[in-house]
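Okay, so here's the structure we're looking at.
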Amino acid sequence: MSRPAKRVTVTGAAGQICYALLFRLAQGDVFGRDQPIILQLLDLPQAQAAVRGVVMELEDCAFPLLQDVVITDDPAVAFRDADAAFLVGSRPRSKGMERADLLLANAEIFKVQGKALNENAKRDAKVIVVGNPANTNAGILSAFAPDFPKANVTAMVRLDHNRALSLLAAKAGVPVSTVEKMIIWGNHSPTMLADWRYATSGGQSLSAMVNDEAWYRETFIPKVGQRGAAIIEARGASSAASAANAAIDHMHDWVQGSNGGWVSMAIPSDGSYGIPEGIIAGVPVICADGEYQRVTGLEIDAFSAEKIAVTVNELQSEISAALGK
Ligand code: NAI
């Protein structure tokens, strides 16, 4: 094992997503089975004992790639020399809490973590924000990390992307592994647009194969958007293993490439597709050589433009509320 270890910051380490995520990271599912890692785990002071319990389990897996684990409640320690960061921890909505208060509470967390990222992480670190409201939290993080490259702060819409792949594959009766060119536009919220217009299976258009525009508009799009709520209803807890899996997929493809395939990532907009510059919104990308490239030049029809405007307006109002404007 001659390669230097990658330092990976993970926040919300005592939570349920991390209970799936940390083991996959330590197994080598993001950086490869020949890349040692050091986990730098951040959680609140009152969660430190629970983090230690998770770390005991990590030790008991005897993962060959896991070189060291840092446990801390200090963001500066968690982000020190980080090569990658998974920002999973956030403030959930408590009973009676207004949406604006939730946005403000999370903004406080991501301001602090943005400063810690700015002062401590490597300049080429790759950051994914999972903790909700993920896109807006990523925007706050980036705003408070002025010396850190904006392009390297992303948010997760990959769970929506994966949900859309499965749902469309089932409807069309094709293996999910054959579905390509799915797109999630906008916010990780029920307003996002799961866009099937370019999706193919074995080179064939899936929208032509299914040939049911009403199903697309009235069932598929809302079902992808409300899948999180359906899981809470059925499981009594929010999606965790699938969220961890999506975070792994997002970072894996960013680091190792997507083999020419389209994946959805929420990245700072360049102003294209009617999304104002700087807004961190889901778009289609292709990843190669450790970079993502936006898929450009796609036609946006009237229906899609209207849907994208709704989700982008929501993002803009969330950012304003989070900044207390
Ligand atoms: P959880 O409640 O089980 O765990 C959250 C953890 O974050 C707790 O251990 C808590 O102590 C910690 N935490 C809170 N504030 C923190 C801070 N300032 N610094 C460090 N740690 C802090 O939640 P779970 O299920 O693991 O979900 C985490 C987040 O991911 C939630 O915001 C959830 O809504 C979001 N999520 C996002 C998805 C996406 O697709 N983008 C999908 C599913 C969940």
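Using N, Cα and C of the backbone, Cβ positions are placed for all residues, glycine too.
Annotated domain 'Lactate/malate dehydrogenase N-terminal' per TrEMBL: 7-147, in sequence order. The average pLDDT computed for the domain 'Lactate/malate dehydrogenase N-terminal' (7-147) is 97.
Taken from TrEMBL, the feature NAD(+) binding site covers Gly12, Ala13, Ala14, Gly15, Gln16, Ile17, Cys18, Asp43, Asn106, Gln113, Val130, Gly131, Asn132. Under a cutoff of 8 A between CB atoms, and with a sequence separation of 6+ in the same chain, the neighbours of Asn132 (NAD(+) binding site) are Ser90, Asn106, His188.
For Arg93, Arg99, Asn132, Arg163, the entry in TrEMBL reads substrate binding site. According to its DSSP assignment, Asn132 (NAD(+) binding site) is coil.
Per TrEMBL, domain 'Lactate/malate dehydrogenase C-terminal' is recorded for 158-322.
All protein chains considered, the CB of His188 (active site, proton acceptor) has 30 other CB atoms within 10 Å. According to TrEMBL, the feature active site, proton acceptor maps to His188.
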Fewest other Cβ atoms within 10 Å: which of the binding-site residues Ala14, Cys18, Val130 wins that one? Let me know.
Ala14
Quick check for the class: what is the C-alpha distance, in angstrom and rounded, between Gln16 (NAD(+) binding site) and Arg163 (substrate binding site)?
19
Could you tell me which of these binding-site residues, Gln16, Asn106, has the greatest number of Cβ atoms within 10 Å of its own Cβ?
Asn106
Find the one among the binding-site residues Arg93, Arg99, Arg163 whose C-alpha lies closest to that of Gly12 (NAD(+) binding site).
Arg93
I'd like to know which of the binding-site residues Arg93, Arg99, Arg163 has the most other Cβ atoms within 10 Å of its Cβ.
Arg163
